[in-house]
Amino acid sequence: TTGNTTSTIMFVILGFSHRPDMKAIFFVLFLCIYLITVLGNLVIILVINMDPVLHTPMYFFLRNLSFLEICYTSVTLPRLLVNLLSSDTSISFAGCAAQMYFFLFFGGTECCLLAAMAYDRYLAICSPLHYMDIMNKKVCMQLAASSWICGNLVALGHTTFIFSLPFCGSNVINHFFCEIQPVLMLVCGDTYWNELQIILAAALVILMPFLLIVVSYSLIISSILKIRSAVGRYKAFSTCFSHLTVVTLFYGTAVFIYTRPKSSYSLDVDKVLSLFYSVLTPILNPVIYSLRNREVRGALFKMRMKLFHPGS
């Protein structure tokens, strides 16, 4: 990029290039994480598809979540792996916009899907007699479709808005992918209103589903505390624990990163924090759900028996 206000046609992803001595270690680490994430979530999808016991609303949403995690990780990690092997870490203007769009698309969808899963758990625990009537196949499909549509609209709006702004000066993105904040720092002029709009949009997309989750779990906890049997309370809470863990991991860093003013940014810190919700949450999802869930463990055992002991 040359001149004061010429449009940027290429960006350079800085990534983890400040540690060239660690590139090989980073490559092996992120490759293992990516393979485990994809394989782990694929196994969850296959197990749910193969076992009729798991054909319930809760596992319908979990199957969506696992597919979403594969897509979400595939937006950033393959490109990061290529950049770790290459000296050329440039990305085109359109490529950067596409990466941001898909990252926001899958991230926004996950926010909404986690809220739908919280609503499902609320109905299962607080209205067990009407649960299957309310949470029928049509409603499940509508909630899942709404999550994907909301994620798409948010991503489209954010990406179109940011990449219609003028870029000048430096074209180096101090991150490992085209994330909103580091890209916004390359925009010409005062970006105060742009930041404000992004923070407000993030509040709507991130905090609104989060508020629904908080309300759902407040009602769930209230209902669980009314159960007289300790075994009954434990059983009711154990059905929510996995989802609650994923929500905490995903929202903890996402809220911190997306709802702050620019004055408090530290891109090196944000780069590390981004790894939590973009890399660690997807890899932990199958682990959390398989270790904490008796039905998933049972289905995994049955699938293993079919594969390795077909005659037994």
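Heads up, the Cβ atoms here are built off N, Cα and C, so glycines get one too.
Note that TrEMBL annotation is computational and uncurated.
Features as listed in TrEMBL:
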{"type": "TRANSMEM", "residues": "24-48", "note": "transmembrane segment"}
{"type": "DOMAIN", "residues": "40-289", "note": "domain 'G-protein coupled receptors family 1 profile'"}
{"type": "TRANSMEM", "residues": "60-81", "note": "transmembrane segment"}
{"type": "TRANSMEM", "residues": "101-119", "note": "transmembrane segment"}
{"type": "TRANSMEM", "residues": "139-163", "note": "transmembrane segment"}
{"type": "TRANSMEM", "residues": "198-220", "note": "transmembrane segment"}
{"type": "TRANSMEM", "residues": "241-260", "note": "transmembrane segment"}
{"type": "TRANSMEM", "residues": "272-291", "note": "transmembrane segment"}
Tertiary contacts of the transmembrane segment (272-291), as residues 6+ beyond its ends and Cβ separation under 8 Å: 30, 33, 36-37, 40-41, 43-44, 62, 65-66, 69-70, 72-73, 76-77, 103, 107, 175-177, 179, 242, 245-246, 249-250, 252-254, 256-257, 297, 300
Surrounding residues of the transmembrane segment (60-81) on its own chain - C-beta under 8 Å, 6+ positions past either end: 13, 15, 27, 30-31, 33-34, 37-38, 41-42, 44-45, 48-49, 91, 99, 102-103, 106-107, 109-110, 113-114, 116-117, 120, 140, 143-144, 147, 176-177, 246, 278-279, 281-283, 285-286, 289
